[in-house]
C-alpha cells in the first residue's frame, strides 16, 4: 500500500488557524504579527538544535545533527532581526536597514546549510568543531552588520538596495539547489519526510522572492513573505521536531531499518554457516542457506529444535564447554569443532559465537567456517612432510655411506696410482738394467758363432742360434716396456689433431712396408680431436697395425676408420674383417702381455692394446672392443 505523504487534517487545520490568526494580527498590529512569526521561527530552530545536539551520542543521522547546529545560529540571527525590527526600539537610532541586513545574513546561513547537509549523509564529523565554526561565522556576520561593513540592504525613500534584491534571488537559487540535492539523496530518508522537507524548502524559496519587491517593511509583500516563512518553518517542525518526538518508529532517516535489511541479507547469503540460537535451551531461531547446503538440514526441520537432540555436535562435551564460556558473557573465536551432517559424514569447522539480545531474550549468533578441505590438505601436507623427512634421513644416511665409500675408493685409487707409478718406475729401471746384460749375452753368442762356428757340432750351433734369437726378442720386449713406461709417465701436450690425416698417414706406412698385401681402407674425413699429436699417432699405429695383422689371412682385407655419436659426443672406431675374437675374452684385450690369439702367424708381445688403453686413459677417455670369432673386430675409443 502506498504511504500517504500529505499532512494529516488536524495538522493542516492547526496550520490554517495559525496563518489566519497571524493575518488578522497583521491587520491590527503588524509589529505584533512580525514578532510572533519570528519568535515561532526562533523556537523551532532552537528545538531542532536541542534535539539534535542531545542525540549526538546515539546512532542518529549526521544530517539532522548538522541541520540542528546550523539552525541554532539561524535562530540567533532571526532573534536579533525581530528585536531590530522597526518599532521595537531595542536598537534606537537604527532604521529598517539593520533588520533587513540581519534577515539576509540568517537566510544565507540557512540556505547554505540546507545545501551542505546532504553531504554528511553516511559520514561523520566533529559536532563541537562544527558548532564552533558556525558560531564564529555568525559572530563575524553580526560584527560586520553592526560595524557598518556589511552592504546596505534597505534605503529610506528608495526601498530595497540592489545587493538585497540580488541576494534574495541568489538565496532562492541556493534553496532550489538544496532541494535538488535532497531529492538525489532521498533513498536515505523516509519518503514522507522527504516530501515535507521538500515543501518547506520550496516555500522558503518563494518567501525570498516575495522579499524582493517590497518598499515598506510593513507592506503586503513583506507580509506574504513572512507568512510563507511561517508555513515553511511549520513544515520543518513537522519534518524534524514533531516526527522525532511523536513518531519514534518513523524517524527522519531509515538507517536502522536499512541496517536490519542489510544484516538479514548478509546473514542469509553468507557463504559460511550462520545460526541464531537461544542461549538457555540452545534452540535454533534462525539458520542461513549455507547451514542448509552444508549440513543438509532444511530450515523448517531445525527451527525450534536444539542441536543436542539433533546430534549435530559430534563432541557434546565440547559443545557444553563452549556454551558455558558464552553463558559467562565471554566470546568464542575460531574453536575447532566437528559437526555431523544429516545424511552422514562430518565437516570440520572453526566456530565463533557472541551473545546478542533479541526481543529481550538472550541469544547467540554463531558462525562456522567450513575448513574440511583445508584440514584434509594440512594432514596430507603433514604426511608428505613426514615422508620427506624420512626420505631425507635415508638420503643423509646413504650420503654418509657414499662419502665413506668415496673416501675408501679415493684411498684405494691413490694406492693404485702409487703402485702404478712404482710399477712403471720399476719396469723402466728393470728394462734399462736388463739391456746391458742382454747385450753382453747376445755379443758373446755372436763371438762364439764367429770364432768357433765351424768347430761346433750341430747341437751346440743350434743352441747358440737360440741364444742369439731370444736375446734379440728380449731386447725388443725391453724396448716395448720402455716405450710403455715413457707413455705412462711423459707429459701430455694437447692441441687440435686431424685424426683423418693421421689415419691416412698410418695406412700409407703400412702399405709401403708390405706392398705385397692388398688391403682396402675406408677413412672418414674431417675427424678432429683435442689431444697430444704424438700419442694420437701411437693409438692409430697400434689399432691399424692390429687390424692389419689380424686380416692377414683374408683375401679381401678391409679396414675402416670413422666415428659415431653417443650421448651427443663423438666415438671413434677402427673396424676390420679379420679373425675377430670371443667376447667372453674381451676383458683381457687391454691388459699388458695378454694375447688372445697365440698362432705363430700373428706375432706380437701383447703390449700394443695396453699402450692404447693407457693413452686413452690419460686423455680422460674410454676404450672398448666388440667382435665375433671369424667375423672381425671393432675398437671404439673416446677422448
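Glycine residues also receive a Cβ, built from the backbone N, Cα and C atoms like all the rest.
Feature annotations, reproduced from TrEMBL:
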- 385-429: coiled coil (COILED)
- 259-336: domain 'PAS' (DOMAIN)
- 429-639: domain 'Histidine kinase' (DOMAIN)
- 7-25: transmembrane segment (TRANSMEM)
- 31-51: transmembrane segment (TRANSMEM)
- 63-82: transmembrane segment (TRANSMEM)
- 102-121: transmembrane segment (TRANSMEM)
- 133-151: transmembrane segment (TRANSMEM)
- 163-182: transmembrane segment (TRANSMEM)
- 194-214: transmembrane segment (TRANSMEM)
#### Entry: Interface check, the transmembrane segment (163-182) with the transmembrane segment (102-121), three or more C-beta pairs under 8 A
yes
### Query
In terms of Cβ proximity under 8 Å, which residues at least six beyond the ends of the transmembrane segment (194-214) contact it?
5, 7, 103, 107, 110-111, 114, 159-160, 164-165, 168-169, 171-172, 175-176, 178-179, 182-183, 186, 220-222, 224-226, 228-229, 231-233, 235-236, 238-239
### Task
Go through the chain and flag residues at least 6 beyond the ends of the transmembrane segment (31-51) whose CB is under 8 A from any CB in it; none is fine as an answer.
22, 25, 64, 67-69, 71-72, 74-76, 78-79, 81-82, 85-88, 223, 226-227, 229-230, 233, 236-237, 240-241, 244-245
### Query
the transmembrane segment (63-82): which same-chain residues, six or more beyond its ends, come within Cβ distance under 8 Å?
34-35, 38-39, 41-46, 48-53, 55-56, 88, 99, 102-103, 105-106, 109-110, 113-114, 116-118, 120-121, 125, 127, 130-131, 134-135, 137-138, 141-142, 188, 240, 244, 252-253
## Note on the structure
Over the domain 'PAS' (259-336) the mean pLDDT stands at 88
